[in-house]
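Heads up: the structure comes next, in structure tokens.
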Amino acid sequence: MVVVCGAAGGIGQPLSLLLKQSDLITHLALYDIVNAAGVAADLSHINTPSKVTGHVGKDALAEALSGAHTVVIPAGVPRKPGMTRDDLFKVNAGIVRDLAEACAKHCPKAFILVISNPVNSTVPIVCEVFKKAGVFDPRKVFGVTTLDVVRSSTFVNHIKPQFEPQSNRITVVGGHSGATIVPLLSQIKQVTFTPAEIKALTNRIQFGGDEVVKAKDGAGSATLSMAHAGARFTISLLEASVSGKRGLVESTYIHLKGNAGAEWNARSTGLEYFAQDVELGPEGVANVLALPDLSAEEDALVKIAIGELKGNITKGVGFVTAIPAAKL
């Protein structure tokens, strides 16, 4: 069973639609504080095997989560013009904390996929809640940074049409906001870039979300592309954990300590959390791949990202350790 928390929202609805297409999902449980029953009824008419159920309101959260294999969390408010991901923290931190508390109680062994921004801080919130509950497994909590990877291959294709965006994945490390997003363009072997192209591409990838926020003119942020990215990561995880497919690698923001292969990244970054290429397996994280050799420009960008991530992580951890979690 896969649960979508925030299923009636701008990301949640298209994400749920995409997940309904997968034969790997037998039961798709849709939770939200409003309208989840309607979304579920709509999706239930699609002729794919999975059963769809809707669960509305906090009183229905336990029912939605019980027995979950995977929980995807896009719940929260969208970014509006002028807002940074840090601005979202004041609202979304409490939402994510409460959902994490419920997951720790009702499905402690489930894979938790965090989409709610700011991911750099919300993933530490989930991990700290699970630690407090004594059920934390670092292999099973993921920050979904796949949209940065999707944007990278798309934007490279825009200036290098010979680069096939669907079949070539670009590693993106660091975090999931602005300067913490570091695409490793030096690792692309199919095409070459001028220094000006690298600078422009990097900036566009880092701040691609702003393009959507501006274009929607107050009506929301990246919902459709984020739903695509979220579904892609969810399906990759299911292919590894349910179907036993090997060799699946995705960039994702994780808790480094306790994950195989992550020690090198933890030492080199000095961080507890970092986005990096991860090989997925039956238990979630099978192996964290070491950072490749970086260009001088990328090395400088990683150092900037580390500086920002320290504050983001501290903010997320402190939110849980300083404020008692809600009882759900």
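Each residue, glycine too, has its Cβ placed from N, Cα and C.
A TrEMBL annotation is a machine prediction, not a hand-curated record.
Annotated domain 'Lactate/malate dehydrogenase N-terminal' per TrEMBL: 2-143, in sequence order.
What TrEMBL records for Gly6, Ala7, Ala8, Gly9, Gly10, Ile11, Gly12, Asp32, Asn92, Ile115, Ser116, Asn117, Met226 is NAD(+) binding site.
What TrEMBL lists as domain 'Lactate/malate dehydrogenase C-terminal' is 145-319.
Per TrEMBL, active site, proton acceptor is recorded for His176.
The CA atom of Gly10 (NAD(+) binding site) is located 19 Å away from the CA atom of His176 (active site, proton acceptor).
When the alpha carbons of Gly12 (NAD(+) binding site) and His176 (active site, proton acceptor) are compared, the span between them is 19 angstrom. Maximum intra-site Cα distance, NAD(+) binding residues Gly6, Ala7, Ala8, Gly9, Gly10, Ile11, Gly12, Asp32, Asn92, Ile115, Ser116, Asn117, Met226: 18 Å. Annotation for Met226 (NAD(+) binding site): spatial neighbours Ile11, Leu15, Pro74, Ile115, Leu147, criterion Cβ-Cβ under 8 Å with sequence separation of six or more. Counting other C-beta atoms within 10 Å of each candidate's C-beta, the binding-site residues Asn92, Ser116 are led by Ser116.
The binding-site residues considered are Gly6, Gly10; of these, Gly10 has the fewest other C-beta atoms within 10 angstroms of its C-beta.
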